Amino acid sequence: MTKDIMDAVFIKEMAKTTSNLYRLGWDERNGGNITYLLDEKEVVEYLDVKQIIRTIPMDFDGKKLAGKYFLVTGSGKYFKNVEEAPAVNLGVIQVSEDGKAVHLLWGYTDGGLPTSELPAHFMSHIARLSVDPENRVVMHCHATHLLAMTFTHELTEREFTRTLWQMCTECLVVFPEGVGIIPWLVPGTNEIGEATSEKMKENRLIVWPHHGIYGAGKSMDETFGLIETAEKAAEVYTIVMSQGGIKQAITDEQLKALGERFGVEAKAGYLNN
């Protein structure tokens, strides 16, 4: 006999995280989406994986994820409602063996579908797993100050990253590889998924100009914390600029010393010699 899935740690983590994202104002209305890669042993405690509720086709090749299980936020669903109604707003899915569809095993009880950004998420999972087999989470949100920076700051990866590093001491330690930036592209398309996943091979944070940010990590906390740290730096930058601009900042020499102390190395070429 399986356990009640409402007691599952992964459901509780997802509900807590989506509530926090909404509370912070980063996922207004139905903005934002999360995919959480689950181990089969986690899933079978709560679900009979042979009981498929329905099969949902995909318009891209997900064969590299064949057989894998994911907890996914629903298309058009509001993050503010997840905690009260997980079964309506979330779904547990398994990628079909041919990679052309997903099998719904639980959730979306009102007939809903996985997030429209599923191609970008799955492509990002494939990219991250190729360089980090422990990656489990891909998270997209509209972090306010990072989004604002894409209108006012130079959109080159090096300069954008350097500004974030200089705003908060912890930034270099948390994301020494910097942030990736893609061009503005139509959301929900394979094109934006391909652009994002290409950047995910080297970065865990990808900025979507005038839209939001993608983050990836080994756990829900790590991924949330990654975005949270970059967003804090962007908020500090916004305040600094409103106060008249930068008069002094963390120097490159100090960033190098910081990296040495915490055992991280800034992305090659991002610090001046």
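Every residue, even glycine, has its Cβ placed from backbone N, Cα and C.
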Original post:
Among His210, His211, which residue does Swiss-Prot name as a further Zn(2+) binder in the site formed by His140, His142?
Top reply: His211
**OP:** Measure from the Cα of Glu117 (active site) to the Cα of every one of the binding-site residues His140, His142, His211, then give the nearest.
**Re:** His140
**OP:** List the other residues in this chain whose Cβ sits within 8 Å of the Cβ centroid of the Zn(2+) site residues His140, His142, His211, in sequence order.
**Re:** Gly31, Gly32, Cys141, Ala143, Leu147, Pro187, Trp208, Gly212, Ile213, Tyr214
